[in-house]
Amino acid sequence: MFCALTLCELEPCLFGQCQLTATSYTCNCQAGYIGTTCDQKQRPCADNPCEGRGECVDKTDNTFLCRCHAWWEGHRCEHRMRHIPFKPLSERMLQEPFWLGLITVTVVLGIIGLVWCAKRHFPEKLEKLLAEEADRNRPSASQTPKHALELVVGCLPALFDQLGSSTSYHPNWHLFSVEW
């Protein structure tokens, strides 16, 4: 029953066309497949096309892309750079992980320091501010007009006369002390 079948009729080529030869068969593989039966997917980066000077990335269309390391350029990173492009630090700081980390750590430490100082010194500063404000709003003897005090002291003899003869006024008595 199997006498009339050829090797190609058994379909040995998974991703390709079978072609009979005098003693066997060969497979003509589709693009992207290799092997005697076209069973292996071709990997463009398997042969190290970037020659160790870059990172090879397989693309979906069975091609590759080399991401070259520093100092190398070209499709396969085969050319050494003769002119190194200069980027100022101000541009690199927002692209390179080291600088981003350093900036982040500095900002966080700054915020922690501000919070620490505020918690440590804020109650003292607030108490001092409130005391100064209370002192500013309290009337002092220097702010009271002199003529008002003289008026009060001048009225004392008349006040004692109205209270009666049992009370007397002595000019050396001081009801309150005033600093001039």
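Each residue, glycine too, has its Cβ placed from N, Cα and C.
All TrEMBL annotations are machine predictions without curation.
Candidates considered were CYS56, CYS68; TrEMBL assigns the disulfide partner of CYS77 as CYS68.
Take the candidates CYS29, CYS50; TrEMBL pairs CYS38 in a disulfide bond with CYS29.
Helix first, then strand, then coil: DSSP counts for the domain 'EGF-like' (4-39) stand at 4 helix, 12 strand, 20 coil.
According to DSSP, the domain 'EGF-like' (41-78) comprises 4 helix, 13 strand, 21 coil. Averaged across the domain 'EGF-like' (41-78), the predicted model reaches a pLDDT of 87.
Contacts of CYS38 (disulfide bond) defined by a Cβ separation under 8 A and a same-chain sequence distance of 6+ are given as CYS13, LEU14, PHE15, GLY16, CYS27, CYS29, GLN30, in order along the sequence.
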